[in-house]
Amino acid sequence: MTTTTHAPTRRQADHPFVHRYEIDTSRPTVGEAARDLGLRALLPAVALWAVITGIGLLIVGPLNDLPAEEGVNDWFAENRSGWGDTVSGWFSLAGSTPFVIAMTVITCLVLLWRSRQWWFAVVPAIAVSVQALVFVTAATVVGRDRPEVEKLDDSPPTASYPSGHTGASTALFFTLAMLAQRIEHTGLRWTVTILCVAEPLLVGTARLYRGMHHVTDVGFAIVNGLVCVLLAWAYLRRRAAVR
């Protein structure tokens, strides 16, 4: 791989991690990218899986499924309304597998078109895919039951912990928030960033409202998604230019 670095702008120099693919545009080989993916994203994801799974087993085991959390689910169930059902349904849909996959594919294609850097364009797919691997395997091992309230959605075949909808939307929209840092206009950049960060929080709240998850299911799904975004963003070795 021939290293190609560019003199960073002040904003890029102040936030080299965020702008690492702009500062170093070197084209890696497929083999180099695959090696880095394994060492810098997949291997650390095993440690993430161990933490997420270990906490889940602690919750369903010694902590007796955290009975205090049922109060939150009961409160949401008792305070449902027609408009709340509708709005929460839309946000729940925004975390569904078909929506997240479609948005991820579109994002990757747009990135490839705009940047001409395939090694950068795959970052959203890496974030969402690694998140999904951790989520599915952790949910299978932990096997936590869903809250004992009326559910407004059909229950997926996976267990309650961690929340797949929340984790997937976190991986996707936090990646979009990172991408938004390329926007030059300050006001627009902040607006897009805030919207992208808020969306997974709204998805998580919607899943609580609709009786599909416990609070800790949502909380650790956000942790899963966030860490996977950071792993995906850093999966490829890049060099920061010297000021």
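Going from the start of the chain as shown, residues are counted 1 onward.
Yeah, the Cβs are placed from backbone N, Cα and C, and that goes for glycine too.
As annotated by TrEMBL, transmembrane segment applies to 41-60, 90-112, 119-142, 162-180, 187-206, 218-236. The domain 'Phosphatidic acid phosphatase type 2/haloperoxidase' annotation in TrEMBL covers 122-233.
For the transmembrane segment (187-206), same-chain residues at least 6 beyond its ends with a Cβ under 8 Å from one of its own Cβ atoms are 87-89, 91-92, 94-95, 163, 165-166, 169-170, 173-174, 176-177, 180-181, 213, 218-219, 221-222, 225. Within the same chain, residues 66, 126, 130, 133-134, 137-138, 141-144, 161-162, 216, 220, 223-224, 227-228, 231-232, 234-235 sit at least 6 positions outside the transmembrane segment (41-60) and bring their C-beta atoms closer than 8 Å to a C-beta of that stretch. Sorting each residue of the domain 'Phosphatidic acid phosphatase type 2/haloperoxidase' (122-233) by its DSSP state yields 82 helix, 0 strand, 30 coil.
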